[in-house]
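A quick write-up on the structure given underneath.
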Amino acid sequence: MIGTGLFLSVLPVFIAGLAEDLGFDVSPKKRLFGAALSSALAIVVTGAWINSSGIGAIDVVLGVVPIGLVITIIWTSGLCHATNLIDGMNGLAGAFTVLAAAGLAILAYTAGDYPMVALSLVIIPAVLGFMLFNWPGGLIFLGDAGAYSLGHLVAWLGIILAARNADIAGTAVALVFFWPIADTTFAIYRRRRQGKRFDQPDRMHVHQIVMRWLEIAGLGRKRRHISNPATTVVLLPFMSGPIILATLMPEHGGLALLTFGLCAAGFVTVYILGTKFARSRRNPVDVVRPVRTVPVSEPHLPTEGEANPALVVEVRDDILLMRSGPNSYWYAFVRGPSGTWRKLDRGFTSRDRAVRSAMRTRFRNRLSPIQHEHAAIH
């Protein structure tokens, strides 16, 4: 019964993610609201929430039911969004989901909770079946719908496991989710420090830095079909390390919390050193101006056959984006040396995808992922 209710509770966040995948303008805040709604439904159908962490002082606060409910919704919604953010390389989010589900299954086994063992293991073959087509070639993708859904499911497996078993410390369960928590938390800090909105995307996630390392090491940007899936392989030990540690200390809340802190310190240190190395190897590039909205009548826009007054138009230096309404495709134009605009062959469901495709066309072999960030492009 718990399994059925849990899978039904994923519907709101799945619909929000699917709408974004289909080209509707679903902002990150709206998707977070969908995740919060799914979390609220999960509380209703499972009767579980965060009421214990394994740390006495924290448990006093979590023992206040309204506080526990709010923290549960924030925690699970955040993990939903974090899983979507790490879905940047072929197989990465899928691999984390498999590792997390396996870790939770081991924790459930140590507690003798065999129904939770079975529920955790059910997810693994389903995700592995998807990964056969996603890694290494990227024949299919999770999209926002898939990434948010997997994030919701594994987050709630952890909540239910801790709620059903008093001898499983909540901090040990949290350690299972160290990787998406660390990557997302540091991304929010990084963006706020740069004066950006916390939900404004960038190209400075760990997996993007690692791919840059691989390119510097010899693969180059022309071999993205190799460096992309190879990044997932490189990150597997780092994602699995905290999960393995969590399975070794299921009852020790304080030790799990200390381990989480040590992992966080190591994460930040390696990230800073890796970013400095990647930046030191980049080549000088043209700086691209940030987005600005321009009137359709501006003379350098495409010809009348390609545009009409109803179009939404944005220009990013030598890249122009258009769409005829909120539910239509984005089309990208690239300006050539003579000042004429060349339209890309197909439309895109999101503005960011149109920009990325246009960047590949306009600046091929000139901009790296690290340099995109410094050029204010995403």
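In case you wondered, yes, glycine gets a Cβ from its N, Cα and C as well.
Values in this document were obtained by computation on a predicted structure and should not be read as measured data.
Listed in TrEMBL:
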- ASN84, ASP144: Mg(2+) binding site (BINDING)
- 6-24: transmembrane segment (TRANSMEM)
- 31-50: transmembrane segment (TRANSMEM)
- 56-80: transmembrane segment (TRANSMEM)
- 92-110: transmembrane segment (TRANSMEM)
- 116-133: transmembrane segment (TRANSMEM)
- 145-162: transmembrane segment (TRANSMEM)
- 168-189: transmembrane segment (TRANSMEM)
- 230-249: transmembrane segment (TRANSMEM)
- 255-274: transmembrane segment (TRANSMEM)
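All protein chains considered, the CB of ASP144 (Mg(2+) binding site) has 25 other CB atoms within 10 Å.
On its own chain, ASN84 (Mg(2+) binding site) has GLY17, ARG31, ALA93, ASP144, ALA147, TYR148, GLY151 as residues at least 6 apart in sequence with a Cβ closer than 8 Å to its own Cβ.
Counting Cβ pairs under 8 Å that are 6 or more residues apart, the transmembrane segment (255-274) and the transmembrane segment (31-50) reach fewer than 3 and are not in contact.
ASP144 (Mg(2+) binding site) carries a helical DSSP state (H, G or I).
Using a Cβ-Cβ cut-off under 8 Å and counting only residues 6 or more beyond its ends in the same chain, the transmembrane segment (6-24) has close neighbours at 30-31, 33-35, 37-39, 41-42, 45-46, 80, 84, 119, 143-149, 152-153, 156-157, 160, 326-330, 349-350. Contact between the transmembrane segment (31-50) and the transmembrane segment (145-162) holds: at least three of their C-beta pairs are under 8 Å, each pair 6 or more apart in sequence.
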